[in-house]
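K.L.:
Have a look at this one before I ask anything.
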Amino acid sequence: MLSIDNDTDAAAVREFDQRVREGLADAAGSGDLADFDPADLAYVCEPKFDGLSIEVIYEDGEYVRAATRGDGREGDDVTEQVRTIRSVPGRLRGDDHPDRLAVRGEVYMPRDAFEAYNEGLIERGEEPFANPRNAAAGTLRQLDPAVVAERPLDVFFFDVLAWEAGEDGPDRPARHREALDAFASFGLRRNDRVEVVHDVEAAIDYRDEILAARDDLNYAVDGVVIKVDALAHREALGSTSRAPRWAFAHKFPPRTATTTVEGVTVQVGRTGRLTPVAELDPVDVGGVTVSRATLHNPAEIEALGVNVGDRVRIYRAGDVIPYVPEVVEKRSEGTYEFPDACPVCGAEIERDGPLAFCTGGLGCSAQLERAVEHWARRDALDVEGLGPERVEQLREAGLVESLPDLYDLTADELADLEGWGETSAENLLRELNATRSPPLDDFLAGLGIPDVGATTARALAAHFGTLDALLDADEDALREVDDVGPEVAASIRTFLDTEENRAAIEGLRERGVDPEPFETDAGDGAADALDGLTFVFTGSLSVPRSEAQAHVEARGANATSSVSGNTDYLVAGESPGQSKRDDAAAEDVPVVDEDGFADLLAERGVDWPPEDDA
């Protein structure tokens, strides 16, 4: 995918316009363009969305594929993830559409939804997204479409990449504005701030209008894009190896302000990560009063050389999260000294590269509160009635000093708390009792192991089957689980070997909270239908890879993460990894696509794709 030339200076836009006019005149003179009347030149002006660009393909009106760039052979295949976005239709509206349509769109998270989502992350002690673009990109990288579906993504479609129609089908629009009108008729969401102009000064005025309105928009923009309207003009202008000659991005200047650092607060997250926050003399940045800004980590403080009393520049990154990019006036000696002990529990601080962590584990009250909230999350144990305020209340009352203490609570203790009564107490106890025999993957997700979300928890549960087997697994065994690399394996092992965490697990089990072994209801095919076979999966399949692994393992097969001489089949989905294909060729391992894999399973009486193995 080509980039677009850009600049914040209006003079650069005028130079772009001059190049376009000269290029079209030259094309007309050489015969590459039938004729060129400068009065016919038009530009389509659109907001430049600060999101993640995707390509979506429809065939016979049906949604078939989505990729983050290119045609699906490069970048990430995000077909199942994008399918969950409500503004992406599963079928185009009407019948007057091309047989094959490829469109470009921008996935984003609306500003109000982003702020609400980040607030929830912060309340749970989790790292918030830096800006809406990171939120959109991070969400689409999720392997589990169910996780994507829970996050408030949206999309604007803004360009045609391919339009293939038979003799009786609709012709491709000759102008970009007409293509956008076609999008609306197909049910593809387009932005309503698009304008067509006929001279460069009007395009510059449009940019100034969007700049003035940016704070009122519910999506992040960092400029405007100015495109030649007529496709014939675009074809005549062509592209360089880097960018089209018919488009230009007129970007906005960053929002900045200067103020004084009045203090530094160190926050403690669920995993013990310590995040320094600059407490600022309140300052207006783009219409928003900013009194706090992240300093990210101790290494960033050292790199900036910042200390209390210094004058600093403030940026609103992505127009939402303020941060400190530089010290503009040094008013105090030296650099802020990061504490050696946790500001909450006093435990020793451990440095890991640029980051710092409290070693107190669940013995740290801040980590404990975040851990209890995490345990109660919907994608973990799903305990209603354990929000941040109640968790803090339970801890301050001395009723919950560790995760297992939740299961020692009594109705009388709860009913005596301010704001509680018999009904709310009984409701919480009922919720907690319902989690005493949780699925193993929910239990693991609820523990809050660093780098282990719901998808990885399910993969671990499917691979090891029981909690005891996982507890006994060394790092080599953990690396056998797909998508668990050396760093994640080390993170899991470190968590399980920490005394406080192991005590919490054993304390839960002593109180009758013991996860059920992970079992897959075969439903089709005998439990040993694939006995003795070893599969490796690569690329994107019609189901999450962890589900594919669980499906074959439930029927006696092994699923490993790397190809070896013991591998029987490499199953290659969309956008397969080349290294695994090379390894398969070197080891003479058969490579099958998903259809071939389905045929292979069918021969053994096993259905594909699985109905619901869990």
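Backbone N, Cα and C atoms are what each Cβ position is placed from, and that goes for glycine too.
No curator has checked TrEMBL annotations; they are predicted automatically.
Here's the feature list from TrEMBL:
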BINDING   E46, R69, E106, K227, K251  NAD(+) binding site
ACT_SITE  K48  active site, N6-AMP-lysine intermediate
BINDING   C342, C345, C364  Zn(2+) binding site
DOMAIN    525-604  domain 'BRCT'
REGION    554-591  region 'Disordered'
COMPBIAS  558-567  compositional bias 'Polar residues'
K.L.:
Spatially speaking, which of the recorded positions K48, C342, C345, C364 is closest to K227 (NAD(+) binding site)? Use C-alpha to C-alpha, please.
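P.N.:
The answer is K48.
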K.L.:
Setting C342, C345, C364 aside, what same-chain residues sit with their Cβ within 8 Å of the center of the Cβ atoms that define the Zn(2+) site, listed in sequence order?
P.N.:
V268, G272, A341, P343, V344, G346, A347, C358, G360, G363, S365, A366, Q367
K.L.:
Please classify the secondary structure at C345 (Zn(2+) binding site) using three-state DSSP.
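P.N.:
DSSP call for C345 (Zn(2+) binding site): coil, neither helix nor strand.
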K.L.:
Sequence gap of 6 or more, Cβ distance under 8 Å: name the residues on the same chain that satisfy this around E46 (NAD(+) binding site), in order along the sequence.
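P.N.:
The answer is F158, N191, R193, V194, V224, V225, K227.
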K.L.:
Going by DSSP, how much of the compositional bias 'Polar residues' (558-567) is helix, how much is strand and how much is coil, in residues?
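P.N.:
Final tally across the stretch: 0 helix, 3 strand, 7 coil.
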K.L.:
Is any of the binding-site residues K251, C342, C364 within 10 Å of K48 (active site, N6-AMP-lysine intermediate) (Cα-Cα), and if so, which, in sequence order?
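P.N.:
Checking Cα-Cα distances against K48 (active site, N6-AMP-lysine intermediate), the binding-site residues within 10 Å turn out to be K251.
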K.L.:
Quick one: Cα separation, E106 (NAD(+) binding site) versus C342 (Zn(2+) binding site), in Å?
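P.N.:
For E106 (NAD(+) binding site) versus C342 (Zn(2+) binding site), the Cα atoms are 42 Å apart.
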K.L.:
Give me the non-local Cβ neighbours of C345 (Zn(2+) binding site): same chain, 6+ apart in sequence, Cβ-Cβ under 8 Å, ordered along the sequence.
P.N.:
C358, G360, G363, C364, S365, A366, Q367
K.L.:
What are the helix, strand and coil residue counts for the region 'Disordered' (554-591) according to DSSP?
P.N.:
10 helix, 9 strand, 19 coil
K.L.:
So what's the mean pLDDT when you look at the domain 'BRCT' (525-604)?
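P.N.:
Taking every residue of the domain 'BRCT' (525-604) together, the mean pLDDT is 80.
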